[in-house]
Amino acid sequence: MNSVVTRAAIEPRPQAAAEEVVRLIDVKRRFGATPALDGISLNVNRGEILGIIGRSGAGKSTLIRCLNGLERADSGEIRIEGRDITGLQEQELQPLRGRIGMIFQHFNLLSAKTVEDNVALPLKIEGIAKAERLQRAHELLEVVGLADKAQAYPASLSGGQKQRVGIARALAARPALLLSDEATSALDPETTRSILALLRDINRKLGLTILLITHEMEVVRGIADRVAVIDAGRIVEEGQVWSVFANPQTDITRSLLGGIRPQLPDHILSRLSATTGSEVILSVDLAGPEAQGALFAELSAALPHSFRLVHGGIDHIQNQPVARFFIAVPAHEPALAGKVEQFLTARSARVEVLGYDTGHA
């Protein structure tokens, strides 16, 4: 049985059940003796953007291949718009795949076809009349900002432009679900931001449901409504993006967040001892109104001279303030660190004792 950390204690429950586009129930897939998916259960609601993040080899690619029917799950259910696809034959899967669009890391455009023809290709395969499919291609090129590139060939496009063509092609058949497999991994940061902004805009305007696979927390932060963390074929943590960023519950999530959350400076980290030192170093994670900074003024008033601020910062994710700070508490009074920790945790902060600073005078 999987141990999945959810955010029920800190996230309000919805007033009514949302319509599900995707539901996975205890999905398992093995390659020989190795479990690639080990009991995956999750859902994606209509109009939602769900980010699935994990390290290489965590099971992300297998999961997305099971969702579009390229891999068969060994057991469990994969429901797309209410229909379980796990037992469908290939001919039964074909119309269902028309409800699923896909964008890839390496674009997968046909070099001998124009941009217009690449976008129209799914409709050609469906047997749609030429005039209708070209009209649809022109509409989508307007959406992705490439109306002037209709007759260009992929070789003349930048990486970001190629991905925009890929997005337009994925939308050609008016899918209910868009799958994104590391779609920004080959792009520079500025282009990545523009592609994420485009996907968010499409999501809002069309109500398109998006499930994106990535190993980059910045991508999740930039676009997703919810995030699920996958490790060794299991969902180990999931919740709204802001709450996972503010209070990660598992080591793998904290590791994935390491590059974008404030970290204790190396020169202090190198001086930490588990047993003795002049100051106790605490990490303090906050979300919501308490993250705005007033909490430390209250702490200073309640316990004068009880701490100094070492490092940290405040961010805004999904319009929620999220903060992480590191504070140092004098170690000469053994009970003081406990009092500080108690004060902060009583006000919804997550506090962790990191150790003693042996180098601060």
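Every residue, even glycine, has its Cβ placed from backbone N, Cα and C.
As annotated by Swiss-Prot, domain 'ABC transporter' applies to 22-257.
Long-range Cβ proximity for K60 (ATP binding site), meaning a same-chain Cβ under 8 A and a gap of 6 or more residues, is found for I52, I53, G54, I213, T214, H215, I230. The ATP binding site annotation in Swiss-Prot covers G54, R55, S56, G57, A58, G59, K60, S61.
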Any same-chain residues 6+ apart from S61 (ATP binding site) with CB under 8 Å of its CB? Would you list them in sequence order, or say none? D181, I213
Of R55, S56, G59 (the binding-site residues), the residue whose Cβ has the fewest other Cβ atoms within 10 Å: S56
Just name the winner among G54, G57 (the binding-site residues) by count of other CB atoms within 10 A of its CB. G54
